[in-house]
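Here the structure comes first, spelled out in structure tokens, and everything after it is commentary.
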Amino acid sequence: MEEDLFFDVPDVISEIAVSSRGPRHVQLQWRLPRDNSRPVLRYQARSQPWTLGSKHGPLPSQDSDGFTSNGPGAATLHDVSAAEAECGKPGYASCKLPAPKVERAVLPESVLERRLPMAAWVSLRAANVEGWSEWATPILTLFRDPALGEETEREEQPLCESVIYSWGLGEDGRLGRGLEAVERGVCAETNAAVEAQLRGRRLVDLALGSHSAAVTTEDELFVWGTFLADMEDAGEDDTADSAEAAWSEVDMLVEPAHQPTSFPVHAVACGRFATAAISADGQIYAWGPNEAFQCGVRGRQVLKSVCHVRVPNDVPVVSVHLGEFHGLALTAEGGALAWGMEQGPEVALSNGNESALGGLVPQRAAMNQPQPRHLDLPRPVLAVATGAYHSALITDDGCLWTWGSNEYGQLGLGLAPSALGTATRPRPVDHFGREGRTKAAKLSLGGFHTAVIDTDRRIFTFGDNRRGQCGQGEVQQLLSPVLLQLCLPSSASSGSTCASCLGVSCGGFFSLIEAAPEPDADLCSTGPMLLACGWGKEGCLGFGQPCKRMLRPRLMPAPSACFDGGRRVARWVCMRTGMVHVAGLVLGDTIGADSVRNDQLHQDSAGE
């Protein structure tokens, strides 16, 4: 008899997903459970705040009240009647879940930096007259980020206006400024706005690679410099005749266009015309060129529809990054996923006769990885990053791990390319995390160079430096991390003062750095400032005109923006680098804002 009663409770709820979001809530949707001849009367949602590296942990027993503790990070319960959970989709139910009442753990301190989401582990169960079902496997729900430049999300219209500026190489429409920019090629001016589709929209994410993408506060995705994908997933087994044939039918967008998706988009990444997006429940979707599996999907050489990327054990992710032919993701549990070119396990190629082949065959190599795989690492991961052909991550002990191409010493291992051409697995960089050494905190990878910021806000660069992208004042190749001294011009004539580093973003052959003056510095300007170094012929350095290589970081001019309400004091609130272009979001404050910068100081510095 007891066995019959047990099977009279509802079945476990399945197919839980986030269907939509608001500023302070998510809308959950799930498939109606089988009620076993006893109608479902109510549902219960259990929400526990997420922190990076945390797993959802054990769930309460079936007959418990659902609480496990009353301390910090304790779960909260939300009861919903069956009538309240009814939705317009047949066979499904839905409810609104408020955001956890916790402060965001990490806010970006740099306009060049991305933030981790505010999220919660959420589980559901159903009840009928016989009792509660078992708890469903928890999912990660990502709550909507505040708009870029805003500390908190709000329902009302923003008090400030914003506009996206783009500059650099205009081919393929990556600047989003129409055909005129495509025909011109190099577009170095920094006061030309991306076309009208994004005017007046608040953004939560901006990403650049070989093309560009942005996510709005309405969870909508816009792309340009690439093609619009079909919303439907055509399935992993479909194949195109060839990459060339598929690409011949693609129209590149020269202005931003809305990319339809069947899910709320939380974040986006751009690679070599490949695009990856994270949904509001931590799932990865990708489309675009896939000849080396850079989209993380088996089969087709070009994905012309939005495809779900299968992750081992369905672990949710909180950030995703794309290189030229590979991808990385940071999981909610503090792990790292890799896929694409040479991201597979190592295989031995040497059979003892390599000398007879003139040493041309490497002893070991990595295969292409069709789908994401977990990287075997000794400690939890805090951050991941991709360059064109190399990768890096930071573990929670401050260690930096690098792998991939070492053609220009960009792995920072102190080994010349002749000694190590490619590292097929992550290797620790001795300079960071070891006893008595500094700890890595942030990183950015460019085409063939690397930049790392430590916990003391010092920046180190290494790798290809032929165009001055490492900012060290010379063009010597750097095989190991080298400290980069940052200087800002002071009020005194021809004087300068040292600065700390808040953020860095590496492009193909250039770098943008955000520096903050010391508290007692004698500066005419307040607040952080942006500096640029590297290759300037593609117009990426932000000085309004193409220039030769810039061997040391130089202060960029402050933005000057005209909005519908007239000229306002403008400030950068977000800036991203692609391989050969840059995009920045400018926010216009009311005249007299405290963040006014001395434009003349910037202009004088840029013209030195």
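Glycine is no exception: its Cβ is also placed from the backbone N, Cα and C atoms.
Feature annotations, courtesy of TrEMBL:
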COMPBIAS  61-71  compositional bias 'Polar residues'
DOMAIN    164-560  domain 'RCC1-like'
REGION    51-74  region 'Disordered'
REPEAT    162-219  repeat 'RCC1'
REPEAT    282-333  repeat 'RCC1'
REPEAT    334-397  repeat 'RCC1'
REPEAT    398-456  repeat 'RCC1'
Averaging the pLDDT values of the domain 'RCC1-like' (164-560) gives 89
What are the DSSP helix/strand/coil residue counts across the repeat 'RCC1' (162-219)? 12 helix, 22 strand, 24 coil
For the repeat 'RCC1' (282-333), what are the DSSP-based totals of helix, strand and coil residues? 3 helix, 26 strand, 23 coil
Secondary structure content of the repeat 'RCC1' (398-456), with strand meaning DSSP E or B: 0 helix, 27 strand, 32 coil
